[in-house]
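Undergrad: Please see the structure below; I have some questions.
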Amino acid sequence: MLHLLALALLLSLVSAAPAPGQALQRSGIIGGKEAPGSRWPWQVSLRVRDQYWRHQCGGSLIHPQWVLTAAHCIGPELQEPSDFRVQLREQHLYYQDRLLPISRVIPHPHYYMVENGADIALLQLEEPVSISRHVQPVTLPPASETFPPESQCWVTGWGDVDNGRPLPPPYPLKQVKVPIVENSVCDWKYHSGLSTDYSVPIVQEDNLCAGDGGRDSCQGDSGGPLVCKVNGTWLQAGVVSWGDGCAKPNRPGIYTRITSYLDWIHQYVPQEP
């Protein structure tokens, strides 16, 4: 989207935007429940160096040596591989951590703010992981997959359980089922109550919307996977990106649409493990 349109959108969102403590980026699961062990074997906790290796975002294993996440999770102040670790096979945060080092951090070159799209990044692990029942890559969709409206999909993460209410100990992985919302409907919903002209799109072509009032991702879930079962196979439809608050009426969660970036992903990630 052109800088001018982005500026117009940001100006119109001032009154509706979250307070400083409620960034547009997503961080937690609302309206969901604790995920059964090993149900989502591709789920990743992305950690950043702090007083300890703190959970920053979610992510997904898409190859034994590659993790997919959101670009806003790794920048702009964090760019070096040594700034990050990855945790797989984790049901509860910080319990029996076995953190894996990263060798490459690759944000999409067109990313500069979540509202403008391209909110996607790749992390290469120093070594491939061993695949097991508990650790498996998620399947990426074919370019032709559209994920039609009302498809029931799942989003997972360790984010907030309500607006401004962090996930309490023992920090279990949460899951929630969310319906896909057609992009034009999602865009109309986001314009509702704003002064932004309807000719200025809020939802981008490379976005995918999902969720309704009471069921959504939230702060801390950013970068995590939105998965949909198609013909018996779990496909990653989106990467948790942004939204206005969490689980608000007329404010579905906004995801990066994986099919928009398959060519870019496969510049780096082998299509066969």
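Quick reminder: no glycine exception, Cβ is built from N, Cα and C everywhere.
So Swiss-Prot says this about it:
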type     : residues  : note
ACT_SITE : H72       : active site, charge relay system
ACT_SITE : D119      : active site, charge relay system
ACT_SITE : S222      : active site, charge relay system
DISULFID : C57-C73   : disulfide bond
DISULFID : C153-C228 : disulfide bond
DISULFID : C186-C209 : disulfide bond
DISULFID : C218-C246 : disulfide bond
DOMAIN   : 29-270    : domain 'Peptidase S1'
CARBOHYD : N231      : N-linked glycosylation site
SIGNAL   : 1-18      : signal peptide
Undergrad: Other than its own, how many Cβ atoms are within 10 Å of the Cβ belonging to H72 (active site, charge relay system)?
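TA: H72 (active site, charge relay system) is surrounded by 24 other Cβ atoms within 10 Å.
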Undergrad: Give the mean pLDDT for the domain 'Peptidase S1' (29-270) on the 0 to 100 scale.
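TA: Here the predicted model's pLDDT, averaged over the domain 'Peptidase S1' (29-270), is 91.
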Undergrad: Determine, to the nearest whole angstrom, how far the Cα atom of D119 (active site, charge relay system) is from the Cα atom of H72 (active site, charge relay system).
TA: 6
Undergrad: For C186 (disulfide bond), what residues in its own chain, 6 or more apart in sequence, show a Cβ-Cβ distance under 8 Å?
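TA: Listed in sequence order: V203, N207, C209, P252, I254.
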Undergrad: Highest CB neighbour count within 10 A among the recorded positions S222, N231?
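TA: Buried the deepest by this measure is S222.
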Undergrad: Return the member of C57, H72, C153, C228 nearest to S222 (active site, charge relay system) in space, with distance defined Cα to Cα and candidates limited to these recorded positions.
TA: C57
Undergrad: Considering only the recorded positions C153, C228, N231, C246, which residue has the minimal Cα-Cα separation from C73 (disulfide bond)?
TA: C246
Undergrad: Quick one: of C153, C209, C228, C246, which of the disulfide-bonded residues has the smallest count of other CB atoms within 10 A?
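TA: Ranked by other Cβ atoms within 10 Å, the disulfide-bonded residues C153, C209, C228, C246 bottom out at C228.
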